[in-house]
Amino acid sequence: MSVSIILMGLFVGALVGLTGVGGAALLTPLLIVLGINPSIAVGTDLVYNSITKLFGVASHWRQKTINFKLVKYLAIGSIPSASLAIGILHLFPAFHQHQEEIIKHALGYVLTLVAISIIVRLFLDRKLRPNRWQLMPLENKRALTILIGVVFGFIVGLTSIGSGSLFAIAMIYLFNMKASQIVGTDIAHAFLLVTAAGILNASFGSVDYMLAANLLLGSIPGVLIGSHLSPRFSPRPLQFIMASIILVSGLKLI
């Protein structure tokens, strides 16, 4: 048992509970700063995220705020794409020999993208008006939805980051859904995606189970504490601060 890792999990969990900002964008760069190899950081974070998102799925299932058809179309694209990204890194010698460097630089670019997406989401929540994409039925957007899954799934498979934030921004813009449905659908799809990617990483030996367990010991109470305190704080300033921190982390890794 590592007290420092548990405390880090508590810190990240509390921030997630307070702001709703994805834990992977905060946790993965922190693990790398602590000296964890990027490939292990990514694999461990995927497993950790799978377990934490399971609780979210159970809650939204009870609330009936999951659009299962949308989850299906996103997963059709994202899970094979994430598997492809992981396979490329581990099965092709040219990539496997340089995977730590590839993952580190990819993390930098994706963290920057995630930070921008969080800021854009703050803007869209206030300013976005109904557009022609939102007015289309889901069946008419099936190919586009699967394509979004392919693109963002590859990113998640490579870096563990974006299973929530990147897909959420796409759902806000493309689908006319209540905020609770966006969150529930996003978490349900993210659970399937990170679980599949986590299992595949585990098969390649890229998961530190003790590290994941210590993180969970801290993050679960952290999320509960953050969620309890969140009504006392305005979420937008906190989310903007977190986006700024993620942006700086990303730029340092590029």
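Note: Cβ is positioned from N, Cα and C throughout, glycine not excepted.
Since we're looking at a predicted model, the values are computed, not measured.
Features as listed in Swiss-Prot:
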TRANSMEM  5-25  transmembrane segment
TRANSMEM  75-95  transmembrane segment
TRANSMEM  105-125  transmembrane segment
TRANSMEM  143-163  transmembrane segment
TRANSMEM  187-207  transmembrane segment
TRANSMEM  209-229  transmembrane segment
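Put simply, of 5-25, 75-95, 105-125, 143-163, the stretch with the most CB pairs closer than 8 A to the transmembrane segment (187-207) is 75-95. The recorded stretches the transmembrane segment (209-229) and the transmembrane segment (5-25) share 3+ CB pairs below 8 A when only pairs 6 or more apart in sequence are counted, and are therefore in contact. For the transmembrane segment (143-163), the partner stretch with the most Cβ pairs below 8 Å, chosen from 5-25, 75-95, 105-125, is 75-95.
Residues 34, 45, 48-49, 52, 111, 114-115, 118, 160-165, 211, 214-230, 233, 235, 238-239, 242-243, 246 of the same chain lie 6+ residues outside the transmembrane segment (5-25) yet bring a C-beta within less than 8 angstroms of a C-beta in it.
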